[in-house]
Amino acid sequence: MSQLNAYIGRAGTGKSHAMLDEIKTKMKQDPLGDPIIIIAPTQSTFQLEQDFVKDPELNGSLRTEVLHFERLSHRIFQEIGGLTEEYASKGALEMMIFDILQSHRSELNLYQSQTKYYGFSAKLSEQIQDFKKYAVSPEQLEQFISENPLQTRTQDKLHDIALVYRHLEERLADNFVSSEDTLYKFIEKMDESKWLKRAEIYIDGFHNFSTLEYQIIEKLAQCAKSVSILLTTNGDKDPFSLFRKTSSTLTHIEEIAQRQNIDFNLRRFTKQERFENRDLSHLEHSFNEVFFDKAAAEGNINILETSNVREEVNAIARDIIRKAREENIRFQDVAVLYRDETYAHLMESVFPEFDIPFNIDTKKSMTHHPVMEMIRSLLEVIESKWSFEPLMRLFKTQVLTKKFKDNRYLTDILENYVLERGIYGQRWLDDKYFKIEQFNLMGLKRQPMTEETEADYQRVIDLKNYVIDKILRFEKALAEADTAETYAAAFYEAFEQFNLPSQLMTERDELDLAGEHQQAEELDQVWNGFIQTLDDLATVFGNREMTQKRFLELFDVGLEQLEFVMIPQTLDQVSIGSMDLAKVDNKKHIYMLGMNDGTMPQAISNSGLISDDEKKYFQEETQLELSPTADVLQMDEAFVCYIAMTRASTHVTFSYSLMGLNNDDKEVSPFIQNIRDLYTNLDVLNVQYAAQHNPLTVMEHPHQTKIALFEELQSWLNHELTAETWLEAYQAMLHNERLSRGLQYLTSALTFDNKTIQLNQSLSKALYGDKINASVSRFEGYQQCPFKHYTSHGLRLNERTKYKLENFDLGDIFHSVLKYIADKIHGDFRNLTDASIRKLTQEALENILPEVQYNLLNSSAYYRYMSVRIGAIVQSTLTALKYQGTFSKFRPQAFEKSFRKNPKSNEQLAAESLYTSQGISINIRGQIDRIDTFNSKDRSFVNIIDYKSSGYSGTLDLTKVYYGLQMQMMTYMDVVLQNKERLNLAETTEPGGLLYFHVHEPRVNFANWAEMDEDKRQEELLKSFKLNGLINSDPEVLDAEDTRLEPKFKSDIVPIDVGAKGNLNKSSKVADSQTIYKFIEHNKNNFIQIASDIMDGHTQVAPMKYKQKLPCEYCNYRSVCHVDGMIDSKKYRTVDESINPIDLLNQESDEDDEE
């Protein structure tokens, strides 16, 4: 007759030890006797098997098997058969559920909008799996819905879940089984197993069971010779006791024995056997007790406090290294337990820095592995009709481009080119877009093509063709398929043609030979996961017809759930795991990280589809049990802590931090205070405080010691108090060949000041030439920051250009369109009519827009809309130009007038050369948007008009002019005055105005829109185009700028405001001609000074600060110069904003006259 036994006792009382001793004794007495089965959680099976393997008297076992529930069922089916259905993996089930959601979307009441999300099918799969574990069928769900009054949302929710659940069961019926279905069939077939009837079964490592597992235990108790269950409980069945969970499990086991009329034997374990000292015994015995006696701690329990999470992990790593060195412990004797996933990620990066071997007992998603990323990108390329982003991701995985040397470099060139040309869709297949000559036109600064660059461009084209050919073959194979099976076959055959299987296996072997066993294993699992997903699709959906889109969606769902299952790479390594899941029994040293409130105890929340209230109501009405609710789980938090800390036999270290990764404040766990209260002398060790008083505690590993040394030496250089130990450590490491490696790089960072080297004159000439031919903007760029000039014109770094409309593109368009129209009407805007404005605008745009960025403005609906907006802006601009011309005596004389030292035609203007202090010529070139002139008797006056599409840049700031940050307008005026004969101007030609015209889309704001009429609106629109800049204060010039000037008149076309007495108000922007000439002369001196500095080789990172702003904010070279306010602020040049530039120039002029 069967027996049901329960081994109960507190943690460390020897339950598992007694079980193993019993089994080993039986094995020694009769090695080939009746089977012995140990059922344990998956995480524990390897450890239990090792117990038998390591026993020298056994050397393994033929009689005893360590299995989890699912493996036991497979073992029985191997014996008796009966499982004819195909096994449906987790991925297969999720694919089925996703397909059901799409097929029955219209029948859903609540979740229609969620069906398109892959994550929702995973969530629904979890909920259905939960129902199966607790023996709830779709019929029971539907019955509950029909028989009970429910809130509408709850009713709709359960209806949708039941609907999907029922359809899933129908698809599985007679064809497939899930893991839960396998266990139900196992229960049905258990009676037929002769092997099981002879077996003695031990169940260890569990604290509670699901309804399905209880049913298995009940059936095992009926069939097997004996069943013994080990539980960590003292038998206290108080619902609020520490052992609530396991005592509840014990009650269920007793009910099974009573229900089946089976002998039930309770064996209590009371003697502590695990703990090697009184500290841990007292901790286990008194934790969570209301009444306890305090004990004196003997140093086997530590509590560490750190400032932040990273330092907490570093402190634990240092302690492990110290114990390994001083106490001669092995890494396999150490376990680190955490609750917050943040710690797992940190340990993965920190522990290798300390050379600590470790194994983290978690499953990682395969999603981000390069091979998986390549597969998913390939799917997205097909689904998105060859979009840029997935295609470039495909290239960047380097999986399909392994055969190309420097494939990353070639991919970068390809990406730059494709970004600039806007290659997408079918353009990838058009050879005219991928010619070597086209590649050489790439970028803003084009360089002559060398043989080497030509060869590189050819390799880029070859690489692109190689990958595109593979995608085309893959796309063609999919296009010929129409069922799940044919799609899966096409998929695999395409990858076979890619030679991918052999490539990956070769790579795996190379990784193994190089000692990178984990990476090799990951590669293996990724490929097997890929094949498994294809098999699942072919098996589950078979010959069912489906669209390519549906197949790719289902395939992506399958890939999404793939996870790595990594086995330990060595036996001597630190075990790392979650406090909730890790099975780490009898470790000598346990570290419990993250002992903060909110983590331990954790604020439990229900993340499932069904809320806790819905669960409780369901359980009350149906008398069926479901998975525990959040409030029940919350009651077990002390038990989680208890189980974790009692895994240690020698030492426990608790740690917590005062700040999280996001600098959020953290509170210590209340359990820490509870633990401290158990002892008379258990203090908290602040790691930072301890390190300050004894720096040697930080010096456990060379790499980490160097980092800490760097921080301490930095404090020392800043005249902060530093322990002598650090300076001694520095000297010791400096003179040790092994320890000094890398030290120089760290110490050089201490004195790093981002200082550049001044070029010698020969190198300057090699970079810039023996004369400077440059635009005005180049000199302005140097004045903003010398290093910016060095990178752009010395190193000639080429910033990436993109296939999109930039601000400078808009400016070029407006310049070209206005030049085209001005030439058509011979510069006379006054006679334009609304009809002629519309006609000329359309004609100009039709001629000019197709030339912009490879016809960018016709590439999409958005850019076609932008073309319409550009046309509207041009029409508004022409209306404003007509209005301004009507009231001005100045007439346009030239448009887009270029200038240089040696004009190539009579159309160009000549610019006199300047000379640096080294005698090098400065030849300035550029283009003046518009030159307006006014002739009066024997004098001519000149207006320089510059079109700006940015309102910010369309302001003449005389302070910036003085400092050489704004040199354009004075340069243009100087060039025009030099060329009065070429422009047929009078012998006496003087400045009229230096004015900016803001080309923009006008917007009108009214305080009271009810009072607005069309005339007022038009008036405000025209006023928004008012010219801005500086005007000659000569009365004749003022009258010519606006013929309507009179007292109390403020011009709406130029910056002139006349007062009541005919004088100019302060808001007028005017200066006499002598002042303008002084600015022109000062501007020339700025050119000479800047050019001289350039040829002297100045390259320093020294941006000029103006109005609390640095040019770095919009600089494209920040990633090159590494400008840092902490390091470089002392080198910033600052504009004196208190100066009056006009007064300062006049003062300098007076001083020159006195000399």
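Along the chain as shown, the residues are counted starting at 1.
Cβ coordinates come from backbone N, Cα and C, glycine included.
Going by Swiss-Prot, these are the annotated features:
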{"type": "BINDING", "residues": "Gly9, Arg10, Ala11, Gly12, Thr13, Gly14, Lys15, Ser16", "note": "ATP binding site"}
{"type": "BINDING", "residues": "Cys785, Cys1112, Cys1115, Cys1121", "note": "[4Fe-4S] cluster binding site"}
{"type": "DOMAIN", "residues": "1-278", "note": "domain 'UvrD-like helicase ATP-binding'"}
{"type": "DOMAIN", "residues": "270-584", "note": "domain 'UvrD-like helicase C-terminal'"}
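Take the mean position of the Cβ atoms of Gly9, Arg10, Ala11, Gly12, Thr13, Gly14, Lys15, Ser16, the recorded ATP site; other residues of that chain with a Cβ within 8 Å of it are His17, Thr232, Phe269, Gln272, Glu273, Arg274. Cβ environment of Cys785 ([4Fe-4S] cluster binding site): Val1101, Ala1102, Pro1103, Met1104, Pro1111, Cys1112, Cys1115, Cys1121 lie under 8 Å away, each six or more residues apart in the same chain. Each of the binding-site residues Gly9, Gly12, Gly14 was scored by the other Cβ atoms within 10 Å of its Cβ; the lowest score goes to Gly14. Arg10 (ATP binding site) is surrounded by 20 other CB atoms, counting those within 10 A of its CB over all protein chains shown.
DSSP assigns Gly9 (ATP binding site) to a strand. Shown in sequence order, Tyr7, Ile8, Gly9, Asp204, Leu230, Leu231, Thr232, Phe269 are the residues of the chain, 6+ apart in sequence, with a C-beta less than 8 angstroms from the C-beta of Lys15 (ATP binding site). If you count neighbouring Cβ atoms within 10 Å for each of the binding-site residues Thr13, Ser16, the highest count belongs to Ser16. Listed in sequence order, the residues Gln784, Phe787, Lys788, Val1101, Pro1103, Leu1110, Pro1111, Tyr1117, Arg1118, Val1123 complete the 8 Å Cβ shell around the [4Fe-4S] cluster site centroid, once Cys785, Cys1112, Cys1115, Cys1121 themselves are left out. For Cys1115 ([4Fe-4S] cluster binding site), the count of additional Cβ atoms within 10 Å of its Cβ stands at 20 [all protein chains shown].
When other Cβ atoms within 10 Å of the Cβ of Cys1112 ([4Fe-4S] cluster binding site) are tallied across all protein chains shown, the result is 19. DSSP assigns Cys1115 ([4Fe-4S] cluster binding site) to coil in the three-state reduction, placing it in neither a helix nor a strand. Ala11 (ATP binding site) counts 21 other C-beta atoms within 10 Å of its own C-beta, drawing on all protein chains shown.
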